[in-house]
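Here the structure comes first, spelled out in structure tokens, and everything after it is commentary.
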Amino acid sequence: MLQTLYDYFWWERLWLPVNLTWADLEDRDGRVYAKASDLYITLPLALLFLIIRYFFELYVATPLAALLNVKEKTRLRAPLNPTLEHFYLTSGKQPKQAEVELLSRQSGLSGRQVERWFRRRRNQDRPSLLKKFREASWRFTFYLIAFIAGMAVIVDKPWFYDMRKVWEGYPVQSMIPSQYWYYMIELSFYWSLLFSIASDVKRKDFKEQIIHHVATIILISFSWFASYVRAGTLIMALHDSSDYLLESAKMFNYAGWKNTCNNIFIVFAIVFIITRLVILPFWILHCTLVYPLELYPAFFGYYFFNFMMGVLQLLHIFWAYLILRMAHKFITGKLVEDERSDREETESSEGEEAAAGGGAKSRPLANGHPILNNNHRKID
């Protein structure tokens, strides 16, 4: 049974154009080709990335935060209350008005005190400013190094300037060591992001981030299996070109350098729009959709790769919408906020003011958040 499934999975017609077999991609005459077994190394490398990240955040990001005067905000802790704590953990973090009244009777507190307790308790669970800064520092460092390394890998290649050469001789295209390590390191990093996403700072696009990481891992892996390596290097470098700008903007925001943060964010928005909504669909996608059909009939791998590229493009449109909303607020003089995250609640709220006025319709404020202070992925 397992052998049958294995044979079906690696059937040449799924992965390779017609009249080509895996035998055509066996190493010979000093030429080396991409193999699925090469990717086994990415899982231990992902664990190594997590270890490196731990020490980086401890010995590099934390001293850097102190140097930039990243200050923690003092938070008032919710007093111990078993009744409210049990509801918070089992039923929800934002009780409705009827639930507030019931909890008020059960705990012996006023409705206003119950709402204040839940605000403080929610704030306790929110990640600290230092945690956000350290995460942004780690991603900034990787994305910047990856972008520089990626450009070094592809800038001297003919297909960087003429995309028809991406498919020249496909799929019998030998691989060079720089391409191998570029792929292994990028894929390992995205595995590490997927492994750590549950413990990283969460934001409103948490599900989209998971979809992005999974789609990226599938795309990188599939492009390696199907020898789409040249196209893959172009796509990875394109994505890395804007991500380090976003992470640097977050770092300056946490340090309180608002003008620097906003200026970098505007540069990031411009680069993101150009790379993700112009170059990617009109150059890269055109390259992967049109040029291959000039050389061979469409096969499953062709459709699957471009479908996954379409998923990424939809995510880019979603994130571009959020970015443009933030840019609009900046241009119109309003505070630039990250549309994907929530802001820490204050002791004074509309709900309390309504309660003070005797209103029975008081509610805790909806969540909101300062600019760019939550975890990213590769906006891809």
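Every residue, even glycine, has its Cβ placed from backbone N, Cα and C.
Those TrEMBL annotations? Automatic predictions, nothing curated.
Copied over from TrEMBL, here are the features:
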COMPBIAS  344-353  compositional bias 'Acidic residues'
DOMAIN    67-128  domain 'Homeobox'
DOMAIN    131-332  domain 'TLC'
REGION    339-380  region 'Disordered'
TRANSMEM  45-68  transmembrane segment
TRANSMEM  140-160  transmembrane segment
TRANSMEM  180-198  transmembrane segment
TRANSMEM  210-228  transmembrane segment
TRANSMEM  264-284  transmembrane segment
TRANSMEM  304-324  transmembrane segment
Cβ contacts the transmembrane segment (45-68)/the transmembrane segment (210-228), at least three under 8 Å, sequence gap 6 or more: no
Positions whose Cβ lies under 8 angstroms from the transmembrane segment (140-160), at least six residues beyond its ends: 56, 60, 166, 168, 178-179, 182, 185-186, 189, 230, 233-234, 236-237, 240-241, 243-244, 247-248, 250-251, 378
Chain residues outside the transmembrane segment (180-198) and at least six past its termini with a C-beta under 8 angstroms from it: 34, 38-39, 41-43, 45-50, 53, 142, 146, 149-150, 153, 206, 209-210, 213-214, 216-217, 220-221, 224, 229, 232-233, 236, 375, 377-378
Per-state residue totals over the domain 'Homeobox' (67-128) - DSSP helix, strand, coil: 36 helix, 0 strand, 26 coil
